[in-house]
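Database features (Swiss-Prot):
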type     : residues           : note
ACT_SITE : 239                : active site
BINDING  : 150, 152, 187, 191 : Ca(2+) binding site
DISULFID : 93-176             : disulfide bond
DISULFID : 350-373            : disulfide bond
SIGNAL   : 1-22               : signal peptide
């Protein structure tokens, strides 16, 4: 396998771009990801090296296991798995039955950041379980294997205070025969569930994904606060997210090419959908596949402001036979509560015009501000 090693300048630029305390995530997360005094910095070229570094951080200098981790970690990943990604792209329907590959961050609360270098890539996921204060940035995840084993790109289970920022996650928005719903392709891009809360998902480029992400694993897993901002979603089918209860604040995202449904607000969840750009989208805001506990939404300052805009932006609606509510009148159905963090959204037009310069990998963690919209 060929590894692409970063230059010293590239590594320094990425580290300089990450603030000493990354508490302002633009959302509910306030994590510093271990970027504190006493943090240990390591470099890894492979999935196994990341795993080994994390396991070593769970014991002290005497070899005694320390609950929550012995010290904060900052792991720079510079491996390259483009060959695995390209092979998977040629055998899309064969990925489902393969073994899932992933780094599991389990029961680690001391603080950890995984930071990809420019040019790195991964055919494995990052699975955060019973942990907190975790940051994943500048990672390029492609064509995850092991859909039958829940092989998500990023999974957050029972883990508060997580920041998923400036990553690229991609596969093929495609259906393979093999199950009753022909769903044997890939698992989710970002699933947040099992009591996880105070999570920010920002500046990611997510494309070619059939099931983008869950907010909640079941109808009883409903209590969470999530923020999605400055993400680009292209050629995706559904779950943007599939929201089971809780609060979702989504602002300054670009949705282009939704082939199934977008926001699916269920189980009395509340969504604030603010200053986003929608185009070429089927059912961009809806509540469906639920019994009767439909969620509500507040629509604020998006490019679509009224039904007359639907044809302009190619917004269309489907009406399933089961109970549902569509935002096909583009009116608010609820009121979002006060927001606990500071944020400064740009206009939806600026999102359309400029966000591609900032979202995804190899952008040196740059952010879009009003000054960039001029």
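Positions of Cβ are set from backbone N, Cα and C atoms, glycine also.
Note that the structure is a prediction, hence the values are computed from the model and not measured.
All features noted in Swiss-Prot, drawn onto the structure.
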residue	record	contacts (Cβ under 8 Å, 6+ apart)
93	disulfide bond	176, 177, 178, 184, 185
150	Ca(2+) binding site	100, 187
152	Ca(2+) binding site	102, 125, 127, 144, 187, 188, 189, 190, 191
239	active site	188, 211, 212, 213, 214, 261, 264
350	disulfide bond	368, 370, 372, 373
Residue 191 (Ca(2+) binding site): secondary structure state under DSSP, collapsed to three categories: strand
Chain-mates of 150, 152, 187, 191 with C-beta within 8 Å of site centroid, Ca(2+): 125, 147, 151, 153, 155, 188
Residue 373 (disulfide bond): secondary structure state under DSSP, collapsed to three categories: helix
